[in-house]
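Have a look at the structure below, then the notes.
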Amino acid sequence: MRTNCGRGYKNQIRKCVDENECEQEPTICGKNAKCFNTDGSYYCRCHDGFNPTHNFTLAHECKDINECVVGSADCGPNAKCINFDGGYKCTCQTGYISSNGKEIFYSGQGVHCIGKKYFSLDIFWDIYLLATECGSFQLACFCLLSVPKLQTEMNKSLNSYFNHLETWENQTFKINSKVVTATVSNNETTNLKKPVNLTFSHLEKKNEKHICVFWDHKLEGGAWSTEGCTTVSSSAGQTVCSCSHLSSFAVLMALYDIGDVYELRLVTLVGLPLSLVCLLICIVTFYLVRSIQSTRNTIHLHLCISLFIAYFVFLVGITRTENKVGCAVVAGILHYLFLAAFCWMCLEGVQLFRMVVLVFNTTLRPIYMFAAGYGVPAVIVAISATMNASGYGTDNYCWLNIKEGFIWSFYGPVCVIIIVNVFFFLITIWKLAEKFSSLNPDLNSLRKIK
């Protein structure tokens, strides 16, 4: 006997069960809506941001709610509302930036659009007033109107005001934002319980390192200082600073000293190729001329090979800083090759000492020479890379970073080699003077040394 089921149900083994209309016909509710199944029926509901907001069952087209028109999206003054299907977004109008530094925000987040105007240091500055909740008082931030003394001093060389900033690799600085003075009625603003966040728009859109600073009047008549200020985030267009006190703030763009760059580059481009040609001639000579084959010749050959490869890598890779990993590899290779060159120089001093002092021991076993000439630098580079791999490569050159004293992984061994060579040289001169004295006692000391 067949059971007759009502609408919204289906017969299943002599039993009426609910029919899931949402699964049978996924598009039953139309676009931008979701279907909800119920016992014996179903209903549709539009997605957030679409009308109608009530439930329905008949085919109905969900239309976008323009939040910007109906007023549900209050982006605030100096901002514009942009509507799209199912939602909206707020952006600041041209000439303004958001207080949180982000391009897109929504109503109810407490974000405001702040006036942004560019100006030079030699003209009067515009007033900006914005209220920010800070602790138990209202914080008022405003730009400096006119300070003739500061205005006059700014026309001088700015580098003298940056002497108190910690610099690396001959960095110089340039002001890359308007100078803002923040003040409140409460005079105790040196150690705020919560830091003040300041967003600066850059005068020059560059992907350089930016530093948050304030004007410290206590430093030798006034200078820029980073004490109490940190850089929260930075991009090509703006920098967000966090400071624990109120004063005159600005953003400095870290530059690198470019003095004599053309001259140094010219010397490098002309001198290194000439050196490579001369070294290549020496390598061919030491390797092919059999009449001069000796321990000293082997040392000279490998010294020239180390310098030749080092100069070539230096010429083609010292400024290739685009790829950080590749730059670090170049720096590591240069570190190894220059250390190898100094080690072969040290072997030259040892061999000279053996030839003069130990007359009958004028040869060195090749395995010892190669272990000292190539093995010692490899050990030094391996230890250095293990302890501080980030020390290889800088922002400007593919060489060792001078921060945290990492450059001493090169300077240290070089100084030791120089001291050893000087020691062997003095011993050799002393032994030669004694030898000449025993051969001819009548020679004066100066002629003996000569």
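Heads up, residue numbers simply count up from 1 along the chain you see.
A Cβ is built for glycine as well, from the same backbone N, Cα and C atoms used for every other residue.
Whatever TrEMBL says is automated annotation, not expert-curated.
Residues annotated as domain 'EGF-like' in TrEMBL: 18-57, 64-102. According to TrEMBL, the domain 'GAIN-B' annotation covers 93-259. According to TrEMBL, the domain 'G-protein coupled receptors family 2 profile 2' annotation covers 264-450. Marked as transmembrane segment by TrEMBL: 266-289, 301-319, 325-347, 367-387, 407-430.
Between the transmembrane segment (407-430) and the transmembrane segment (266-289), fewer than three CB pairs separated by 6 or more residues in sequence fall under 8 Å, so the two stretches do not touch. For the domain 'EGF-like' (18-57), the DSSP counts in helix, strand and coil order read 4 helix, 16 strand, 20 coil. Secondary structure of the domain 'EGF-like' (64-102), assigned with DSSP and counted as helix (H, G, I), strand (E, B) and coil, comes to 4 helix, 16 strand, 19 coil. Confidence over the domain 'EGF-like' (18-57), given as mean pLDDT on the 0 to 100 scale, stands at 83.
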